[in-house]
């Protein structure tokens, strides 16, 4: 039976209602009264010697600065990632037009477009799973310290309020700037006031979409599930850390499970049984954004939740120098290889180690054989989870090897990184607009070239646009985040 209204949009509204109700309860007087009666469920009935975190007490505490620094670096990667997604060579036109209204984004042979494609697809295989892993690392200790109620209150304030800010303020602002930007393109009818308000403050089912902040919304749901499991089952950490052999066995077994589940999901889409545009498939994609990394993201959050009790994070500091150097070289070697592979053979081509792409249906018919769909899905089902499980631990090792230090600059980055993640979406279209004006000046920069043919003629300007937007989004967003956090009460959320 078909849905009367768009099921994907309804799913967004359900998630929005969940966040709204949660935030309203926890910041209300009712929530404050309940908090005074709440007690931490994990401390009652536990003897001191049975607490899961006890094994780490006997060892000197090591300040893991590399975790703060890796979050800052990956936040910057998010900024460059989204700029690259606008400039990649298969973006269907791109944001920049010449004086005659020809889309310069169709620069198929441009080296800048190839680099942007490789950068986006290469990093997409691991950087969001690393975010999930690091977030999971601090989840158990936060729950034990604050109890179920205090834990959920903190998460709905720190994660829920920013999601609401994105939906009701930043996303409409982003669309407004986008509309102003596109209104300057030759042949465009101009800024549509009615279109903007119909899309965001009128009757529009897609109003509730979290957009780029899907990660924070998913993280809020994951944390609520963690609290529910702990409250109902009272799952405790291990009395002693897992051995290296057991940890490796768990890691490899989890990778195999993730691969099988991803393969089943992608095969269903390739065979036409599932659609990313509607129904369950649409809901799944709107929640995880990248379906072939969905199970990997869940797995990394779960691994993060058991990492601290099993001393995985501190064990990195005990690795020998040669091991750390080899791990760092492997990380950058594989990452550069992924970027080059995706730049040369982009994600929409039929390669085995595809990253950040979805298998197209084998034919236009939904009657596709299971074998054909399975074969078509192998690349997108194996590649992203494989690189996730390989690059995530290597990324942690590399971060410790290169970034386990602190100074005023790293402290500035760490303090503002979370705010940067939300603010950057407003400045993306502004950077696009400025780049268009800069490269499409009718009387100063010659842009006469035939798209899809001799496009290397404009390659220099393509690189100029890309580098300008990288620099612009970095300087403006980080400085704006610093200013925003000066607002009274902002640091409670950001």
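Using N, Cα and C of the backbone, Cβ positions are placed for all residues, glycine too.
Marked as domain 'Acyltransferase 3' by TrEMBL: 65-477.
Residues of the same chain lying 6 or more positions beyond the ends of the transmembrane segment (7-27) and with a Cβ under 8 Å from any Cβ of it are 152-153, 156-157, 160-161, 163-164, 167, 205-206, 208-210, 217, 220-221, 224, 277-279, 282-283, 285-287. Annotation source TrEMBL lists transmembrane segment at 7-27 (among others).
The transmembrane segment annotation in TrEMBL covers 123-143 (among others). Outside the transmembrane segment (123-143), and at least 6 residues removed from its termini, the chain residues within Cβ reach (under 8 Å) are 42, 52-53, 67, 70-71, 74, 77-78, 81, 151, 154, 215, 219, 222-223, 226-227, 230, 237, 290, 293, 296-298, 300-309, 313, 335, 338-339, 355-356, 383-384, 387-388, 391-392, 395-396.
Annotation comment: TrEMBL describes 155-173 (among others) as transmembrane segment.
Marked as transmembrane segment by TrEMBL: 205-228 (among others). Within its own chain, the transmembrane segment (205-228) is flanked in space by residues 5-6, 9-10, 12-13, 15-16, 18-19, 22, 82, 128, 131-132, 135-136, 139, 143, 148, 151-152, 155-156, 159-160, 162-163, 166-167, 171, 174, 199, 286-289, 297-298, 301, 305, 421-422, 424-425, which lie at least six positions past its ends and keep a Cβ under 8 Å from the stretch.
The annotation transmembrane segment is assigned in TrEMBL to 248-268 (among others).
Annotation comment: TrEMBL describes 293-313 (among others) as transmembrane segment.
Marked as transmembrane segment by TrEMBL: 325-344 (among others). Non-local neighbours of the transmembrane segment (325-344) in the same chain are 114-115, 117-123, 125, 319, 351, 353, 355, 387, 390-391, 393-395, 397-398, 401-402; each lies 6+ residues outside the stretch with a CB under 8 Å from one of its CB atoms.
Within the chain carrying the transmembrane segment (386-406), a Cβ under 8 angstroms from the stretch's Cβ atoms is held by residues 63-70, 73, 125-126, 129-130, 133, 251, 254-255, 258-259, 293, 296, 300, 313, 316-317, 319, 323-325, 327-328, 330-332, 334-335, 338, 353, 355, all 6 or more beyond its ends. Residues or ranges marked as transmembrane segment in TrEMBL: 386-406 (among others).
Taken from TrEMBL, the feature transmembrane segment covers 418-438 (among others).
Taken from TrEMBL, the feature transmembrane segment applies to 458-478 (among others).
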Same-chain residues at least 6 beyond the ends of the transmembrane segment (418-438) whose Cβ lies under 8 Å from its Cβ atoms: 75-76, 78-79, 82-83, 86, 95-97, 162, 165-166, 170-171, 173-174, 177-178, 180-181, 184-185, 211-213, 216, 464-465, 468-469, 472-473, 476-478, 480-481, 484-485, 490, 494
Distant-in-sequence neighbours of the transmembrane segment (155-173), which means Cβ under 8 A and at least six residues beyond its ends: 16, 19-20, 22-23, 25-27, 196, 200-201, 207-213, 216-217, 219-220, 223-224, 422-423, 425-426, 492-494
Intrachain residues whose Cβ lies under 8 Å of the transmembrane segment (248-268), provided they are six or more past its termini: 242, 274, 281, 284, 291-292, 294-296, 299, 302-303, 358-359, 370, 373-374, 377-378, 380-382, 384-386, 389
